[in-house]
Amino acid sequence: MLEQINSPYDLKKLDIKDLPRLSEEIRQFIVEKVSKTGGHLASNLGIVELTLALHYVFNSPVDKIIWDVGHQCYVHKMITGRRDKFDTLRQFNGLSGYTKRTESIHDIFGAGHSSTSLSAALGIATARDLKGEKYHVIAVIGDGALTGGMALEALNNIGRSRKDVIVILNHNEMSISENVGSLSLYLSKLRTDPTYNKVKQEIDNLLNIIPPIGKSLHKYIEKIKDSIKQLVVPGMFFEELGFTYLGPIDGHNVEELIEVLERSKKMKGPLLIHVVTKKGKGYMFAEKRPDKFHSAAPFDIETGKFVGEGKDSYSDVFGKTLAEMALKDEKIVAITAAMPEGTGLIHFAKLIPDRFFDVGIAEQHATTFAAGLAVEGYKPYFAVYSTFLQRAYDQVIHDVCIQKLPVVFAVDRAGIVGEDGETHQGVFDISFLRAIPNIAIMSPKDANELVEMVKLSRNLDFPVAIRYPRGKAGEYDISRKPSFPFGKGEVLLEGEKIAVFALGRMVSKSIDAAEILKGHGINPFVVNLRFVKPLDEELILEISNKVDLVVTVEDNVIAGGVGSAILELLNDKKVYRPVLRLGFPDKFIEHGDVESLFKKYGLDSQSIADTILQRYKEMRGS
Ligand SMILES: Cc1ncc(C[n+]2csc(CCOP(=O)(O)OP(=O)(O)O)c2C)c(N)n1
């Protein structure tokens with residue numbers, strides 16, 4: 001059946017009775033494709049029927065369907081003519097793993113970060129009304145995404161606006177890990193409390209036996225029915241905010257979903273439809289461990305085992321080191337914004353649960369919460385992906401740095417992350433953090449140096465950011481003590497004529513580039529900077545004074561990065577050397593595997609060597 005569906009129009013031609021079978025075909029297709037490419041498996045398996053119902057009832061792209069985060073859009077992509085591209089999902093030059101406006105007219109709003117859909121929906125609905133147009137605006141948001149501050153700000157405004165906006169709450173009780181917070185408890189109560197559901201059923205039955213007598217009386221009775229329902233049925237929280245609440249509805253019963261969505265088309269004002277789904281539905285391993293299959297690496301379908309599983313990532317190194325430190329140091333506390341697994345803090349959570357805090361998808365709150373803990377003498381470590389720290393920029397400045405509070409930001413997934421693409425690349429943090437007074441920024445060249453930096457940060461009494469990449473870490477020793485003082489870089493290769501100043505994971509690439517250059521008779525210095533802020537000025541000036549060309553290498557955008565910092569330093573100190581800055585250009589970096597991206601942007605070892613050689617030849621006029 002799937003073969004026949006190349007647009008929402010094709011879907012609408014099917015009989016409703018056929019949709020459960022189509023759902024099964026879609027699930028098989030997704031498991032098969034994602035097992036090869038990797039991707040957001042569990043969320044997509046959970047949203048099959050809901051997506052079919054939405055495209056069956058509404059008329060995309062005239063009606064606007066907006067997906068929060070966008071990670072659950074695979075079924076939507078399949079229905080909207082992109083099924084044949086799934087072999088390239090998240091690959092270099094392939095299909096994006098998120099909604100993307102340039103990819104399809106059905107992707108009304110691009111996403112990747114959480115909790116934006118409701119604000120976007122209200123903006124679109126407001127524009128619709130200003131223009132006097134008529135169509136439906138539907139936002140689909142998960143219970144995890146609903147923990148984000150923006151979503152709550154938007155609910156507050158949608159309710160007041162009285163606009164026709166349909167919010168579909170996809171409730172599976174999971175964020176990536178189990179969902180947290182009191183709103184989550186409230187939703188669970190709605191979903192499971194038998195008295196709520198019994199009362200609702202009884203009232204429905206009771207109201208349905210009131211006979212409709214005459215047209216106007218019928219309308220009147222419907223109104224009374226609605227008001228009685230609202231007094232006793234669940235969802236009062238949303239009702240008080242100004243929404244009409246419908247639910248909870250079985251999100252795997254496609255007929256029921258279609259019926260409710262058809263009804264919703266005729267209703268006025270803000271509407272919240274509470275749909276209950278199971279994350280990972282239909283694939284046993286994903287149902288059992290939806291967190292592991294949230295963003296899955298390629299895996300074996302039969303065993304559910306991930307390819308390349310086993311070795312520790314940088315996140316594990318960080319999480320294990322911090323847990324080890326905290327066992328002996330009761331002032332250390334750890335915070336995550338809904339990423340206990342991804343950040344490696346799960347190791348901490350297991351050992352020291354009472355000093356571990358998962359605050360939900362709430363990076364702003366997490367930052368200021370950490371500031372509060374620091375005020376009272378605790379040493380908070382907020383582990384957060386570089387891209388999501390962007391959310392908390394004002395909190396970093398206003399609540400942490402102005403007050404010079406000793407919060408440590410463990411900036412995970414710094415640099416390019418690969419398959420998640422432009423919304424997730426961590427290529428801005430050096431630039432946006434470097435501009436802030438009072439904060440120190442460091443980046444380890446390998447796993448051992450990460451262990452040392454985490455330990456070094458413990459006794460620094462000001463804000464610190466430690467940035468490290470996504471990926472496997474290699475061998476390391478958790479018992480290492482800091483072997484370098486604060487603010488000091490190291491010369492890894494002594495050389496002449498050219499100095500390469502590299503940061504973080506670009507250090508090993510620069511060493512490899514130096515080896516290639518040796519084949520051309522050039523022996524550059526290679527320096528591991530370690531610190532972006534403060535720069536090791538003494539070392540940088542000393543080495544720069546010895547050479548004709550200064551090269552900087554970083555996995556951040558060039559604008560405002562560590563290369564800019566060195567250029568500024570040399571200029572201020574009147575050390576006038578040409579500076580070749582290597583990093584990412586002034587554009588958003590697309591998705592793809594990390595190695596292909598490094599190559600495309602001239603940041604693999606060979607390209608680094610080639611660029612240096614070319615510049616050096618130009619300088620010498622040869
Ligand atoms: C601002 C931000 N922080 C963190 C994330 C990482 N993240 C992606 S999906 C997700 C969980 C979303 O849960 P939910 O909305 O319930 O959707 P589900 O996958 O359960 O269907 C998280 C934490 C993100 N995308 N954006």
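Just so you know, glycine gets a Cβ as well, placed from its N, Cα and C.
Because TrEMBL annotations are produced automatically, they should be read as predictions rather than curated entries.
Other C-beta atoms found within 10 angstroms of the C-beta of Glu363 (thiamine diphosphate binding site) number 28, with every protein chain shown included. According to TrEMBL, the thiamine diphosphate binding site annotation covers His71, Gly112, His113, Ser114, Gly144, Ala145, Asn172, Tyr283, Glu363.
When Cβ atoms from all protein chains are considered, those within 10 Å of Asp143 (Mg(2+) binding site) total 24, not counting its own. What TrEMBL lists as Mg(2+) binding site is Asp143, Asn172.
The feature domain 'Transketolase-like pyrimidine-binding' is assigned by TrEMBL to 312-475. Confidence over the domain 'Transketolase-like pyrimidine-binding' (312-475), given as mean pLDDT on the 0 to 100 scale, stands at 98.
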Inset, instruction - Mind telling me which of the binding-site residues His71, His113 has the densest Cβ neighbourhood, counting other Cβ atoms within 10 Å? - result: His71
Legend entry - Sequence-distant neighbours of Gly144 (thiamine diphosphate binding site) in its chain (C-beta under 8 A, six or more apart): Ser114, Met174, Ser175, Ile176, Asn179, Ala338, Gly360, Ile361
Inset, instruction - Could you measure between His71 (thiamine diphosphate binding site) and Asp143 (Mg(2+) binding site) for me? Cα positions, answer in whole angstrom. - result: 14
Legend entry - Asp143 (Mg(2+) binding site) versus His113 (thiamine diphosphate binding site) - Cα distance in angstrom: 14
